[in-house]
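Reading through the structure tokens given below for one structure.
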Amino acid sequence: MNSSTNQVYPVIWHNNSVSLIDQTRLPNEYAFVEIHRCSDMAQAIKTMIVRGAPAIGVAAAYGMYLGAREIETSDRNQFLNQLDKVAQLLRTTRPTAVNLFWAISRMLKTAYETFGTVEDIKQTLLNTARSINAEDLQTCYAIGDNGLKVLPQTPEKLTILTHCNAGALATAGYGTALGVVRSAFREGRLARVFADETRPRLQGAKLTAWECVQEGIPVTLITDSMAAHCMKEGLIDIVVVGADRIAANGDTANKIGTYSLALVAKAHNIPFYVAAPLSTVDFSLSHGNEIPIEERNPEEIYQIGDTIITPTGAEFYNPAFDVTPAQLITGIITENGVFAPGELTKSRIKQFA
Ligand code: MRU
């Protein structure tokens, strides 16, 4: 954390290695893990020391460089061959967030398109990883500011509901959905943020609440089952969530529970926005049912901390993400502007214009 601004940066290139905030230890402990090797980065992504789609992308980019650095040959073809294996290792860490695959592809493309010595390629890979990191931060600022354009005009100070953690911890810094919250707070448009995802991983309780408290953003934690009630009571003006992968038609995978939030928001006529960088859009998938959904260890369900809360004999199902159909999404807030889900292809044209 930058002590003068309280700004949180979960992935930092520092002293020839990567410092990761250990997100599994928050909010009780604010500690860093130093990553020197690609296999350790892969493990850190798998175990969710670093998590959140854009942050995973940034971490994987550095992982590619660390892997490249470990390759000993000076022969270009052998080097590229071994780099493909590094990419393969990183691809197996988590299946849903497309930013992981996007960042790995960008790093591989950089390597294949760089000529000169193997040492030149390695240096270019480090530069590219650092660019991906810096660009994601700028992207989050732009998403936050574009989000201001869709905030309801009334009331003057809004209550925004967000799910899981799409904050600074989930990105290079500032956040996507929480970036919109931060920008609204800065502009005097925020009354408070309601945060949920209190099961299975408690990311709203542990991470979003922590981020808000650090910056003095008023935050009310609710359990996931309370969202419909809060909407009915008129406590929520707008819902803004992040995304792990958006199909070309706008169907959006995000942390489990997002789909039910979208349904109840629709039932109460409350705008429901997804905030995400364009790197989260997977144009190779036409519909959300093609998005691979990670299934995590059932201990996230039968256990809280070290305490087992269910009888033996029960069975478990623990999908980590769900897919919200495009028709439930009011708009997608990106760094290039806000798009109706069906208009995403226009965002692509604008991206490459
Ligand atoms: O399982 P996680 O904690 O990696 O899931 C994170 C989310 O679902 C976030 O909402 C998503 O990655 C968007 S992050 C800006």
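Cβ coordinates come from backbone N, Cα and C, glycine included.
TrEMBL labels come from automatic prediction, so no person has curated them.
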Per TrEMBL, member of Arg94, Arg106, Arg130, Arg296 binding substrate alongside Arg51, Gly52, Ala53, Gln203, Asn254, Lys255: Arg94
Listed recorded positions with Cβ under 6 Å from ligand 1, out of Arg51, Arg94, Cys164, Gln203, Asp244: Arg51, Cys164, Gln203, Asp244
Close in space, distant in sequence - Cys164 (site 'Transition state stabilizer'), Cβ under 8 Å, 6 or more apart: Glu197, Arg201, Gln203, Gly204, Thr208, Val241, Gly242, Asn254, Lys255, Gly257, Thr258
Reduced DSSP assignment, Ala53 (substrate binding site): helix
Nonlocal residues around Asp244 (active site, proton donor), in sequence order (Cβ under 8 Å, 6 or more apart): Ala53, Thr96, Ala97, Val98, Asn99, Ala253, Asn254, Lys255, Thr280, Phe321
Which same-chain residues, if any, lie at least 6 apart from Arg94 (substrate binding site) yet have Cβ under 8 Å of it: Ile45, Lys46, Ile56, Leu100, Glu294
Nonlocal neighbours by CB distance (under 8 Å) for Gly52 (substrate binding site), same chain, sequence gap 6 or more: Pro10, Ala97, Asn165, Ala166, Gly167, Leu169, Ala170, Thr171, Gly242
Gln203 (substrate binding site) CB neighbourhood, other CB atoms within 10 A: 27
